[in-house]
Amino acid sequence: MQELTADILSRVITPRKSHSHKGDYGRLLLIGGNENYGGAIIMATEGAINAGAGLTAVATHLINLTALHSRDPEAMFIDWRDQHLPELIRKMDVIVCGPGLGVNLQAKKVMNILATNVTEKQTVVLDASALDLISQDHQLIPAKGKLVLTPHQMEWQRLSGLRIPFQTDGANLAAFKDLLLGREAILVLKSNQTRIYDLFGHQAINPIGNPGMAIGGSGDTLAGIIGAFIAQFDYSFDTISAAVYLHSLAGDIVYKDNYVVKPTALSKRLPELMKKYCAKERKM
Ligand SMILES: NC(=O)C1=CN([C@@H]2O[C@H](COP(=O)(O)OP(=O)(O)OC[C@H]3O[C@@H](n4cnc5c(N)ncnc54)[C@H](O)[C@@H]3O)[C@@H](O)[C@H]2O)[C@@H](O)CC1
Ligand SMILES: Nc1ncnc2c1ncn2[C@@H]1O[C@H](COP(=O)(O)OP(=O)(O)O)[C@@H](O)[C@H]1O
Ligand SMILES: [Mg+2]
């Protein structure tokens, strides 16, 4: 099992070209945030924007509009009941679905719209409630496109049937293969030592991060960061590993002087860290 180091950041984070525009850094749609969990989708949005997504749109419950825009004016908004949602989904490069989505009928409708509109070229990151919904109904797994699954150990237990003490590398990989046979997919199994697997034999473990990050919203933020990284640097095992590593590195910096790592504080550290570890900047 490969241990991630800071080298992964310099390999993935490339300098921006002068001759470029927002369209070159990816169109990202985040879906989630019901009446009770609006904070989850806002934290995912802060992760995504601070990690550099070119354009970020958010499909959420209408009740979250003012809070979202007052925190993150960079994000565009769509009511998730809007009839234009399928069209918007098809225009995106990357879709992150699940933070604060919930599991009620409306959440299932949204997942169904996603599952039937994703195209081959797109990547879908499934997190949180979206993972619980696909545990209940595998038909809700998007039929096309590349997939990234980001369960914590309890979500993985529900999805794979593997109880937490039995989540060994061999068992995880076998369960992941069973679930997504023949698909291009990456599993990010979150814990105090997050493990990343693909179906081609790549495996990595993240040795950094800290218990200050054990707070609601840490994973929502990571989902946004992963979405932004794929939007800018393309889908690969390294891109997703770099996003996981950066999330923990930012968390460790906040943790140096703070007992808890507020996810919004973690997100604020991302732009400076990306600048610091960007390949060319490092050589200068
Ligand atoms: N501010 C907000 O609006 C927040 C909303 N959230 C949303 O709440 C919904 C339910 O998600 P939850 O994850 O809270 O609930 P879950 O019931 O899916 O899982 C949480 C429980 O799993 C157990 N667990 C075991 N191993 C774990 C591990 N390695 N990491 C995390 N938990 C582990 C813990 O007992 C924990 O209480 C999701 O839609 C989620 O996005 C959460 O993200 C928290 C913040
Ligand atoms: N003790 C810990 N050490 C290192 N990282 C942690 C620790 N506890 C939580 N994390 C990280 O915080 C995130 C928690 O994700 P998740 O449980 O999905 O949170 P939420 O759904 O509340 O946003 C994961 O990335 C996990 O690796
Ligand atoms: Mg979570």
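Using N, Cα and C of the backbone, Cβ positions are placed for all residues, glycine too.
As annotated by TrEMBL, domain 'YjeF C-terminal' applies to 5-277.
The (6S)-NADPHX binding site annotation in TrEMBL covers ALA40, GLY100, HIS152, ASP220. Counted within 10 Å of its Cβ, the other Cβ atoms near HIS152 ((6S)-NADPHX binding site) come to 18, all protein chains included.
Sequence annotations record features per position, and here TrEMBL assigns AMP binding site to LYS190, SER191, ASN192, GLN193, THR194, GLY219. When secondary structure is read from DSSP and collapsed to three states, SER191 (AMP binding site) falls in the coil class. A 10 Å cutoff on Cβ-Cβ distances gives SER191 (AMP binding site) a total of 15 other Cβ atoms nearby, all chains included.
Ligand 3 lies under 6 Å from the Cβ of GLY219, out of the binding-site residues ALA40, GLY100, LYS190, ASN192, THR194, GLY219. Among the binding-site residues GLY100, LYS190, GLN193, residues whose Cβ is positioned under 6 Å from ligand 2 are identified as LYS190. With the fewest other Cβ atoms inside 10 Å of its Cβ, the least crowded of the binding-site residues GLY100, LYS190, ASN192 in this structure is ASN192. Listed binding-site residues: ALA40, ASN192, GLN193, THR194. Those with a CB atom under 6 Å from ligand 1: ALA40. Cβ neighbour count for ASP220 ((6S)-NADPHX binding site) (all protein chains, 10 Å cutoff from its Cβ): 29. Looking at the residues that bind (6S)-NADPHX per the record, ALA40, GLY100, HIS152, ASP220, the two CA atoms farthest apart are separated by 15 Å.
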